[in-house]
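Student: What Swiss-Prot shows for this protein is this:
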REGION    9-321  region 'Histone deacetylase'
BINDING   27, 31, 270  1D-myo-inositol 1,4,5,6-tetrakisphosphate binding site
ACT_SITE  141  active site
BINDING   176, 178, 264  Zn(2+) binding site
REGION    376-480  region 'Disordered'
COMPBIAS  388-400  compositional bias 'Acidic residues'
COMPBIAS  401-416  compositional bias 'Basic and acidic residues'
COMPBIAS  417-427  compositional bias 'Acidic residues'
COMPBIAS  455-480  compositional bias 'Basic and acidic residues'
């Protein structure tokens, strides 16, 4: 596949001003506020002038149950901090309560995250954009009927299902430090989605993503896992990422790509143990973009929030083929970026435990697996189902789409200033990075496998039954 450097491409960006108001709770490392910080920084860099900015619709239960089970979504809709005691059994069943707490507005937060990713996929399908960006998405650990690793609804799976209506083969790439287990599991038995994950492996959450996990049934060899050790740096990462992705592109020949840009793989992340700089991380974005495929860019992990905002702002600029200065512009959160107030970060002096021999050995094993694939699976033509997001449908949503949570009314969702600081004691609480092997599920039940095979069929049937969906996303005013 030919590479073309520096081609200007149309970019659509999804953001809702309310997303930063949601709050996982005292001491929890996941802070949706980082998305507001990112948005504010890229506004002050003037990047909004170069792309179309949309406010996503709130994904409804019908959209979510294209993948998730009905009872799980019903539970997420119903549970609140004030009625938790009535749901203790279900909380256990759906893995909600510790790493994935119940917080005020939980379901709305999931609706915004999923809404942005699904709307992005529809935009790409309609060829109304070349690149779509949703930094509130990328929640790759959520399972069909279970929350996991701070993720409740798997917006990535929902977006890929949408892309599959128009694209025979979709490639998913994950550069978060944690294995993209939820996405891999959803597409483990299909040859229409290839999942490629580069992640820390061994005594680390979620405990999956072994080199030998390659997919099953029709999906055998369509799951690609690159297990890594602590301390990988820019040079080593680039030396594995580029050849693996080139080989995947050549062999799988996708017509659309989804890139999960989890920024917990950066140096100095509160939960991470890699040593990438923002430039090193963004080289992955640049390389994937160079294949000139319809591309969906999503967020994900990232727990040193000043660096998350830096990273995703820079990667938005990369998507736009725009150079931005290292000197940060003044913005609403300027004090977070001290003492240097610069965009780029330096690597630490941590040891890179990934030797060249180790990386080469893994790479060769992956290449052997990729050689087992038939070149570009055959295309099966089917009627195209309806889009999930209907633009100008004429039907109003039950809720006024312009109704917003005012900052004043949502004070209880926002923590005190110290909560958002990146202080030294941040290692306490939050997701346990030591793998819980009891929960690290690899073997699927026969029932799940059957469900997976019926997914395309079910997808088509549901689409025919669908009523008109909520009105299309609206362009956001630039003043947000």
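Each residue, glycine too, has its Cβ placed from N, Cα and C.
Small disclaimer: the values here were computed from a predicted structure and weren't measured.
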Student: Do you know offhand how many angstrom separate residue 264 (Zn(2+) binding site) and residue 31 (1D-myo-inositol 1,4,5,6-tetrakisphosphate binding site) by C-alpha?
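Tutor: So the Cα of residue 31 (1D-myo-inositol 1,4,5,6-tetrakisphosphate binding site) lies 13 Å away from that of residue 264 (Zn(2+) binding site).
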Student: Here are some binding-site residues: 178, 270. Which one has the most Cβ atoms within 10 Å of its Cβ?
Tutor: 178
Student: Report the residues of the chain - excluding 176, 178, 264 - with C-beta within 8 Å of the mean position of the site's C-beta atoms, for the recorded Zn(2+) site, in sequence order.
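Tutor: Filtered neighbour residues, in order: 177, 199, 262, 265, 271, 272, 300, 301, 302.
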Student: DSSP three-state call for residue 264 (Zn(2+) binding site): helix, strand or coil?
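Tutor: SS state of residue 264 (Zn(2+) binding site) = helix.
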Student: Between the Cα atoms of residue 31 (1D-myo-inositol 1,4,5,6-tetrakisphosphate binding site) and residue 176 (Zn(2+) binding site), find the distance and write it as a whole number of Å.
Tutor: 16
Student: Pull out the binding-site residues from the set 27, 176, 178, 270 whose C-alpha sits within 10 Å of the C-alpha of residue 141 (active site).
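Tutor: Cα filter at 10 Å returns 178.
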Student: If you measure residue 270 (1D-myo-inositol 1,4,5,6-tetrakisphosphate binding site) to residue 178 (Zn(2+) binding site) at Cα, how many Å is it?
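Tutor: Their Cα atoms are separated by 13 Å.
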Student: These are the recorded positions: 31, 141. Which one scores highest on other Cβ atoms within 10 Å?
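Tutor: Output for this query is 141.
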Student: Measuring Cα to Cα, how many angstrom lie between residue 27 (1D-myo-inositol 1,4,5,6-tetrakisphosphate binding site) and residue 176 (Zn(2+) binding site)?
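Tutor: For residue 27 (1D-myo-inositol 1,4,5,6-tetrakisphosphate binding site) versus residue 176 (Zn(2+) binding site), the Cα atoms are 22 Å apart.
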Student: Summarise the model's confidence over the region 'Histone deacetylase' (9-321) as a mean pLDDT value.
Tutor: 99
